[in-house]
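Novice: Annotation source TrEMBL lists active site, proton donor at CYS66. If you look up TrEMBL, you'll see CYS66 marked as active site. What TrEMBL lists as active site, proton acceptor is CYS215. Look at TrEMBL and you will find ASN6, ASN57, GLY67, ASN68, ASN155, ASN188, GLU206, ARG207, GLY216, THR217 tagged as substrate binding site.
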Amino acid sequence: MQGCGNDYLYFDCFAQSVTDPAGLARRFSDRHFGVGSDGVILILPSEVADARMRIFNADGSEGKMCGNGVRCVGKYLYDSGRCKKTALRIETGSGIKTLQLEVAGGVARRATVGMGPPDLRPAAVPVLLQGERVVNAPVKIGGQRWQITCVSMGNPHCVVFVDCVDELDLTVLGPLFAGSGLFPEGINAEFVQPLGERAIKMRVYERGSGETLACGTGACAAAVAAIAAGRCRREEEIAVSLPGGQLQVRWGERECYLSGPAETVFCGQLEW
Ligand SMILES: N[C@H](CCC[C@H](N)C(=O)O)C(=O)O
């Protein structure tokens, strides 16, 4: 399944158990020697919600949350008949998320996710910075000066504003940020071009997966950073344009809301 091109291999673990999800992610995320994906997502029973989601990046590292992934989990639960309702609660590594599915033609097409509150406090994202400031904080990465804004969406994000995202070579820049030594727990790095008070354009270099076509938690982090920096308005729903499509983010009173599509690409059996 995929959400704005951020594609994962989903395993229904209500009636089967996956013993080595990290190894599975490393083996089958490869786009030539495997199935090809940004990682693996397990859909498991939960004691406290309709289901539990675990997400493993392509390098086998486990993430705490996946905004594009949780929409696809909701779609799977509805379409498969496991949870034939449009309001769902999904247990994740960063708490229970609420989902509101949009159904058409008998299947879920889109979802809006309550992503929880963004955290801009200095300690929210483990980062080796001088001083406390994490909004537009000056750093030197790859011999260049940058101003970073660190936002936790349950997973760590570093947002940088640039003039033109299309001109960036993330095959070089991404590993410079990831390998800068500034982020002890790794980092999801978002490069953001403001397009006005209600829109941004972004690309992302994800922890554990490299450049992906979209990142749901990253879109929230980018919109929150743009609002915190006064580049976008909090009263507005922010249109976030990514290489894989468009997401909508609203930073509400209590939490961020992420809206976007969810699509099944194919179903199959994997012998490993
Ligand atoms: N790479 C992320 C997990 C996937 C997040 C992203 N794909 C999303 O849609 O939020 C991390 O290690 O924190």
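Keep in mind that glycine also has a Cβ here, set from the backbone N, Cα and C atoms.
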Novice: Measuring Cα to Cα, how far is ASN155 (substrate binding site) from the residue listed as 'active site, proton acceptor' in Å?
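Specialist: Rounded to the nearest whole number, the Cα-Cα distance is 12 Å.
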Novice: Measure from the CA atom of GLY216 (substrate binding site) to the CA atom of CYS66 (active site, proton donor) and give the result in Å, rounded to a whole number.
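Specialist: The separation of the Cα atoms works out to 6 Å.
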Novice: An 8 Å radius from the center of the ASN6, ASN57, GLY67, ASN68, ASN155, ASN188, GLU206, ARG207, GLY216, THR217 Cβ atoms defines the neighbourhood of the substrate site; name the other residues of that chain inside it, in order.
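Specialist: Sorted by sequence, the hits are ILE55, GLY63, MET65, CYS66, GLY69, VAL204, SER209, THR212, CYS215, GLY218.
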Novice: Taking just the CA atoms, what is the gap between GLY67 (substrate binding site) and CYS215 (active site, proton acceptor) in Å?
Specialist: 7
Novice: Fewest other C-beta atoms within 10 angstroms of its own C-beta: which of the active-site residues CYS66, CYS215 fits that?
Specialist: CYS66
Novice: According to DSSP, does GLY216 (substrate binding site) fall in a helix, a strand, or coil?
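Specialist: Once the DSSP labels are grouped into three classes, GLY216 (substrate binding site) ends up as helix.
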Novice: Measuring Cα to Cα, how many angstrom lie between CYS215 (active site, proton acceptor) and GLU206 (substrate binding site)?
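Specialist: That comes out at 8 Å between the alpha carbons.
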Novice: Given a separation of at least six residues and a C-beta threshold under 8 Å, show me what packs close to GLU206 (substrate binding site) in the same chain.
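Specialist: Same-chain residues close to GLU206 (substrate binding site) (Cβ under 8 Å, separated by 6 or more) are ASP38, ASN57, ASN188, THR212, CYS215, GLY218.
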Novice: Have a look around ASN6 (substrate binding site) and count the other CB atoms within 10 A of its CB, chains all included.
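Specialist: The Cβ of ASN6 (substrate binding site) has 30 Cβ neighbours within 10 Å.
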Novice: So, three-state DSSP: helix, strand or coil for CYS66 (active site, proton donor)?
Specialist: coil
